[in-house]
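Please read the structure below before turning to the comments.
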Amino acid sequence: MTTPAPLTGLLPLNPEQLARLQAATTDLTPEQLAWVSGYFWGVLNPRSGAVAVTPAPEGKMPGVTLISASQTGNARRVAEALRDDLLAANLNVTLVNAGDYKFKQIASEKLLVIVTSTQGEGEPPEEAVALHKFLFSKKAPKLENTAFAVFSLGDTSYEFFCQSGKDFDSKLAELGGERLLDRVDADVEYQAAASEWRARVVDVLKSRAPVAAPSQSVATGSVNDIHTSPYTKDAPLAATLSVNQKITGRNSEKDVRHIEIDLGDSGLRYQPGDALGVWYQNDPALVKELVELLWLKGDEPVTVDGKTLPLAEALEWHFELTVNTANIVENYATLTRSESLLPLVGDKAQLQHYAATTPIVDMVRFSLAQLDAQALIDLLRPLTPRLYSIASAQAEVESEVHITVGVVCYDIEGRARAGGASSFLADRVEEEGEVRVFIEHNDNFRLPANPETPVIMIGPGTGIAPFRAFMQQRAAEGVEGKNWLFFGNPHFTEDFLYQVEWQRYVKEGGLSRIDLAWSRDQKEKIYVQDKLREQGAELWRWINDGAHIYVCGDARRMAADVEKALLEVIAEFGGMDLESADEYLSELRVERRYQRDVY
């Protein structure tokens, strides 16, 4: 069953209007965006007696530039909350996505605040890659007149925790910037740290920037701000799972599911390139195993966010059980005085390796101890939703949303283990069962505003998902632009995801070219990056014709391998060295012609 949305919460723009608005504002500076914001306010309120929000006179007061560098939306939410805090304090603030920021103006910034996440192997979020490269290049200016603060979001289950924030913080200081505050590194449960940091930032900036009269306050926002919905990460839609179909062969080593979710009459809107956030329930069997290993019953009362719940319920719905971290291992070892785990304490590399290879339940099984229920809860991290690239376009499927789910399953000493969200969707939600979802908008992975622009799509494995959405959208609009797909997986007969659909697009002319890489169908392993090199001359022709390049999939290896291949193609066929090719690719990124959705 779905919960209907109030009409006032529906998105006021259709996808076409949204695309035109994004195209029109792509090249504007923060100051120009501020003027446009005031202009539209004036259009809407021509005779109102209220004071319009207009830019402060240049030179009268230093503005605060607030840069949001977000991958999954958390950094953006923190930045937007800080913007609201600064406005409430009557401070002059400009909020801008890192991807929209004209980074060559950074030398003129007086007060700079960056909120950033980290992705992959310690890399900046996609929208901040160009800014990061610029600051670490020889072109970076001195920032002796800039005062700055950095808030960094990360995940301690990854080795390079908060590395992007550390990079920005150290480089800004190295370039001569003055720290307003020490950098804060926040884990998955970031809300309390963010709230405290925001209050400190406001206090510090009050002493550095004169308080503005309401008529002087400037508030500009990222393009993300135009998305409105009553359904959010904290208030998800109760939707219905309508289709769960395995789309890999019976002999495939992979279990990949095509999932369709009915949004009903909720009015929830999304665009190709967006992600679907899915809240999930931990496997009750896993909860039972963990509870029994600790000689508990599951009915013990525990406190979660100020509420009292039975232990089993808290573990099923509120805490992460399928991803271990070095901090959890270290804290469990210290708490239980485990003889097998204590030698790992203080050794970061060993802790990381153990956490990556040993799920929480098996850590407990291998190092049995007796914990009370609240001690167990205090050891764990809060459950967070999983994000899946959307594999459909509403222009075709209307009130549905489709995702492509690779089911995580493996074995630990004969015991079956599985990913929390993927096994929930694949095995524990029945058709017509309830799934709590929300849309995570991603304006950094969008089709070209001009429908005649050629598109190159590189998506091995489940990375093919957003390109199914891209093709549905382009087919529904009847666009004339050329489309080229690079896809790879182990075997043609077992792992060609959405094979019939791609063959239909080729037959009907919607898909101009398709190059397939099957890594296990021959002695020599072939991957999508090999196909890119093989088609280098034609690929360069497409790029010269203005093609937009999109990459989706694994951030740890594939994305880097694909980027290396692209650089080699650009260097060879563009007649330049690798350093120049890297600058060329960076320019494509700035122009939104090279976009990645990697995880």
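Cβ atoms here come from the backbone N, Cα and C positions, even for glycine.
What you are looking at is a predicted structure, and each value in this text was computed from that prediction instead of being measured.
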According to Swiss-Prot, Ser519, Arg520, Lys525, Ile526, Tyr527, Val528, Gln529 bind NADP(+); identify which of Asp554, Asp561, Asp577 is listed for that same site.
Asp561
Using DSSP, tally how many residues of the domain 'Flavodoxin-like' (64-202) sit in helix, strand and coil.
55 helix, 31 strand, 53 coil
Provide the three-state secondary structure of Tyr599 (FAD binding site) computed with DSSP.
coil
May I ask you to report the DSSP-based helix, strand or coil state of Arg520 (NADP(+) binding site)?
coil
Expressed to the nearest Å, what is the distance separating Thr404 (FAD binding site) and Val528 (NADP(+) binding site) at their Cα atoms?
19
For the binding-site residues listed here (Asp155, Asp561), tell me which residue's CB has the most neighbouring CB atoms inside 10 Å.
Asp155
Given the binding-site residues Ala421, Ile526, Val528, which one has the fewest other C-beta atoms within 10 angstroms of its C-beta?
Ile526
